[in-house]
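**Student:** Dropping the structure in here first, questions after.
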Amino acid sequence: MKALMLLTLSVLLCWVSADIRCHSCYKVPVLGCVDRQSCRLEPGQQCLTTHAYLGKMWVFSNLRCGTPEEPCQEAFNQTNRKLGLTYNTTCCNKDNCNSAGPRPTPALGLVFLTSLAGLGLWLLH
């Protein structure tokens, strides 16, 4: 009887944990999440959220499911020396727990829109 209860509990836990979903997209200023999807976590994996910053300015976020090939490893202030970007990665294991990321920086949105307007004027001449 105990073995049957243990087996039932194990199957139930596997079924519940197998249905955990994560957000999956690249979030950029002004546009928000690009190609928003949902991914299903594999057993033993976690949702990942990586935020990239240039100095203190948020540049983009990458939301995804961890995989056996790329398991979630929390890291703070990892720097890419070539690009000068700083990355912060967080992990979580609840349904849709990796949020869509920080709000866009207003100054960056203004720079982006001004650049688009300038490009449009240049193309018209």
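Just so you know, the numbers here start at 1 and follow the chain as drawn.
Any Cβ shown, glycine's included, is placed from N, Cα and C.
Computed from a predicted structure; not experimentally measured.
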**Student:** If you look at what Swiss-Prot says, which of CYS14, CYS33, CYS47 makes a disulfide link with CYS22?
**Tutor:** CYS47
**Student:** Can you tell which of CYS14, CYS25 Swiss-Prot lists as bonded to CYS33 through a disulfide?
**Tutor:** CYS25
**Student:** Going by what Swiss-Prot says, which of ASN77, ASN88 is noted as N-linked glycosylation site?
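**Tutor:** Checking Swiss-Prot against ASN77, ASN88, the N-linked glycosylation site entry points to ASN88.
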**Student:** Would you mind checking how many other C-beta atoms are within 10 angstroms of the C-beta on SER99 (GPI-anchor amidated serine)?
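**Tutor:** I get 14 for this one.
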**Student:** Write out how many residues of the domain 'UPAR/Ly6' (20-111) are helix, how many strand and how many coil, based on DSSP.
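**Tutor:** Its residues fall into 6 helix, 48 strand, 38 coil.
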**Student:** Taking only same-chain residues 6+ apart in sequence, whose CB is under 8 Å from that of CYS39 (disulfide bond), what do you get?
**Tutor:** ARG21, CYS22, SER24, ARG64, CYS65
**Student:** Which one is it, among the recorded positions CYS25, CYS33, ASN88, CYS92, that lies nearest to CYS47 (disulfide bond) by Cα separation?
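**Tutor:** Comparing Cα positions, the candidate nearest CYS47 (disulfide bond) turns out to be CYS92.
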